[in-house]
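**Q** Per TrEMBL, CoA binding site is recorded for Arg192, Arg193, Gly194, Lys195, Thr311, Ser531. The annotation ATP binding site is assigned in TrEMBL to Gly387, Glu388, Pro389, Asp411, Thr412, Trp413, Trp414, Gln415, Thr416, Asp508, Arg523. Look at TrEMBL and you will find Val545, His547, Val550 tagged as Mg(2+) binding site. Sequence annotations record features per position, and here TrEMBL assigns domain 'Acetyl-coenzyme A synthetase N-terminal' to 30-82. Taken from TrEMBL, the feature domain 'AMP-dependent synthetase/ligase' covers 90-470. Marked as domain 'AMP-binding enzyme C-terminal' by TrEMBL: 539-621. The N6-acetyllysine annotation in TrEMBL covers Lys621.
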Amino acid sequence: MSDTLANLLSETRQFPPPAELAAAANVTDAAFEEAKADRLEFWAAQARRLHWHRPFAEILDWSNPPFAKWFADGQLNVAYNCLDRHIEAGRGSKVAIHWEGEPGDTRTITYADLHRTVSQAANALTDLGVTAGDRVAIYMPMIPEAAVAMLACARIGATHSVVFGGFSADALSGRIQDADAKVVITADGGYRRGKPSALKPTVDEAVSRCPSIEKVLVVRRTEQEVDWTDGRDVWWHDVVDSASPEHEAQPFDAEHPLFILYTSGTTAKPKGILHTTGGYLTQASWTTHAVFDLKPDTDVYWCTADIGWVTGHSYIVYGPLSNGATQVMYEGTPDTPHRGRFWEIIEKYKVSILYTAPTAIRTFMKWGDDIPAKFDLSSLRIIGSVGEPINPEAWMWYREHIGHNNAPVVDTWWQTETGAQMISPLPGVTAAKPGSAMGPLPGIAADVIDDGGNSVPPGGGGFLVLREPWPSMLRTIWGDDKRFIETYWSRFGAGAEAGDEWIYFAGDGAKRDDDGHLWLLGRVDDVMLVSGHNISTTEVESALVSHPKVAEAAVVGATDPTTGQAIVAFTILRGDVPEDEAQGDALAQELRNHVAKTLGPIAKPRQIMVVPELPKTRSGKIMRRLLKDVAENRSLGDVTTLQDSSVMDLISSGLKTGKDED
Ligand code: 6R9
């Protein structure tokens, strides 16, 4: 961005929390006051929600920025906090996980069950030679053993590196090599879209290039045939099931490495984001309590993310379990065996808190309102969103059709790097606006600044930054302190030799509205420069999604001889738009005019293309970069409405040769 980011979209709707929910909320306005009065003491109080084997005296050591140490003289065990202390409090028979396999098989796992299995897995890993500080790669389907594996590593102080089960052998071996992992935990396969999908062959291929790997621990899930390397490969049911269920959790330093999680972001080589123990668990745990208003005795919580993403780490494993939650875990896809599967699961388990992603919400919009309408969703009391900006109309659809106009929507902004939620409404406090993440959580210093590093006034747009360290912040990029500083700390502030303050650059554009609320506008790399104006992809996409015929949109700036860049939009229509209308020029014209009317003529797309699908990353984020290639490499007519094939074939051939991205 050469200048500040344009602020085009205005939104006047606002939804205060239901009175009953506000009256009983875990966290009230007081939290903002406390954090404002003493930010460090506020976080220390949240850290004390955990069990410390050795209490900390020091809260934050920021003497060597940007390398933070939180609660550094304290010691704790993450698995003890997620399991043992609930059992000691008499909650061993409470359900921790209602697991739903894609084919319809189920398992009910109590805290006592989970504690036993994690203890056995901890003993088994120890027997396989894993000790504190070793790295363990986890490449698993969404089965309970994935969470068990993570907790078993945490219990013995091994640092896990979970690699999404859809990644290729190249991606897996690269990550294993970078972390120098000793063991891989995997499965024969998992179920996806109605069929078993093998994992072990990918591990075999990856490990053939990873001399550091001594053992491969394999869970039997699908009973597919597997190749076996004697001496290296070990069945989970042989070594874990026979291991002793007695295991005493040892304390580890608060700054002991808990996990590495690779994120590719915008650059090619994935970054191994390092999270440590005490600060990470403090913020993952407190935000689960605050942002989801989680009441462990009555709520049934469900986060639909995969364990391979940070959302699965913080809001399936560490946040909910450290709070003693009862949660649903689902193995498969939302359309298997039918498009109502999510709603069926919510009805079945009476899910009260749902956490999902805008990409899923827009897909449900496309499939039609009639599908969720067939199920009883009245148990839902809080619904959350994460992963991308949520378009105001998608937010409204979510509120109306899933949250029955009564469950607050919490749009939570955060990153793999931040470890836990940073910007979000609080469901019992905030009167939320559709499409806005509203404001920083208590104890978080978020700001929007311009190129010169100045806070933008209300109505202005710019770069999202964090001005103070936070407990669950990344500590570094594994093995690459230099890249850590360059990527996050060198754009503004002391790292850029502009002042004394260390400022974290998130890489996202944002704006502050007239009331001071924050709106995330997508990655700054995606911002379009049209006739000298910086226009965010998010605002144009949201304008398109606000048209009743559009379910999803992706826009890119394509080189243009007159305007520098011109806006090219790819749209997916809602399920009820007839085919001949979808393919006609009239609709494209109507949508272009709709954007011009909503945002102003500067944002009018040059071209609109109707497509059946958009290219997404494995975690569901739109890959605009690919669309941009398409938009720039082909001379498509002025207003082109494309059939499925030509553009999408181009996109998919690009996707096949492209690298894995998360
Ligand atoms: C948790 C997660 C991080 C990037 C982030 C931003 C985008 C996430 C968002 C959001 C707008 C939200 N993002 N949540 N944008 N509103 N509520 O997704 O982590 O996979 O590392 O992605 O996702 O662009 O910078 P990660």
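In case you wondered, yes, glycine gets a Cβ from its N, Cα and C as well.
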**Q** Looking only at the domain 'Acetyl-coenzyme A synthetase N-terminal' (30-82), report the model's average pLDDT.
**A** 98
**Q** Using a 6 Å cut-off on Cβ distance, which of the binding-site residues Arg192, Thr311, Trp414, Arg523, Val545, Val550 come close to any atom of ligand 1?
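**A** By the Cβ criterion, which requires under 6 Å to ligand 1, the hits are Thr311, Trp414, Arg523.
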**Q** Considering Cα atoms only, can you say which of Thr412, Trp414, Arg523, Lys621 is the nearest neighbour of Ser531 (CoA binding site) among these recorded positions?
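**A** Checked the recorded positions Thr412, Trp414, Arg523, Lys621; minimum Cα distance to Ser531 (CoA binding site) goes to Arg523.
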**Q** In which DSSP state, out of helix, strand and coil, do we find Thr416 (ATP binding site)?
**A** coil
**Q** Rounded to the nearest Å, what's the C-alpha distance separating Arg192 (CoA binding site) and Lys621 (N6-acetyllysine)? Just drop the number here, would you?
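**A** Approximately 19 Å lies between the Cα of Arg192 (CoA binding site) and that of Lys621 (N6-acetyllysine).
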**Q** In the structure shown, which of the binding-site residues Gly194, Gly387, Pro389 has the fewest other Cβ atoms within 10 Å?
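**A** Taking Gly194, Gly387, Pro389 as the binding-site residues, the minimal 10 Å Cβ count falls on Gly194.
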**Q** Report the DSSP secondary-structure composition of the domain 'AMP-binding enzyme C-terminal' (539-621) as helix, strand and coil residue counts.
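**A** Computed counts for the domain 'AMP-binding enzyme C-terminal' (539-621) are 29 helix, 26 strand, 28 coil.
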**Q** Given Arg523 (ATP binding site) and Val550 (Mg(2+) binding site), what distance in Å do their CA atoms have, once rounded to a whole number?
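**A** Per the Cα atoms, Arg523 (ATP binding site) and Val550 (Mg(2+) binding site) stand 23 Å apart.
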**Q** Counting only residues 6+ apart in the same chain, whose Cβ is under 8 Å from the Cβ of His547 (Mg(2+) binding site)?
**A** Glu590, Leu591, His594
**Q** On the three-state reduction of DSSP, what should I expect for Arg523 (ATP binding site)?
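**A** The three-state answer is strand.
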**Q** Count the other Cβ atoms sitting within 10 Å of the Cβ of Arg523 (ATP binding site), across every protein chain shown.
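**A** The Cβ of Arg523 (ATP binding site) has 20 Cβ neighbours within 10 Å.
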**Q** Would you list, in sequence order, the residues of this chain other than Val545, His547, Val550 that have their CB within 8 A of the centroid of the site's CB atoms, where the site is the one recorded for Mg(2+)?
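**A** Leaving out the recorded residues gives Asn391, Glu393, Ala543, Leu544, Ser546, Pro548, Lys549, Ala551, Ala553, Thr571, Leu591, His594.
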**Q** Below 8 Å Cβ to Cβ and six or more residues apart, same chain only. Which residues does that give for Thr412 (ATP binding site)?
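**A** Result: Val291, Gly384, Ser385, Val386, Gln421, Ile423, Ser424, Ala437.
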**Q** Hey, what's the widest CA-to-CA gap across Gly387, Glu388, Pro389, Asp411, Thr412, Trp413, Trp414, Gln415, Thr416, Asp508, Arg523, the ATP contacts in the record, in Å?
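**A** Result: 17 Å between the two most distant Cα atoms.
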**Q** I'd like the per-state residue tally for the domain 'Acetyl-coenzyme A synthetase N-terminal' (30-82) from DSSP, helix first, then strand, then coil.
**A** 22 helix, 12 strand, 19 coil
**Q** For Thr416 (ATP binding site), which residues of its chain lie six or more apart in sequence with Cβ-Cβ distance below 8 Å?
**A** Leu261, Thr263, Ile273, Trp309, Val310, Leu474
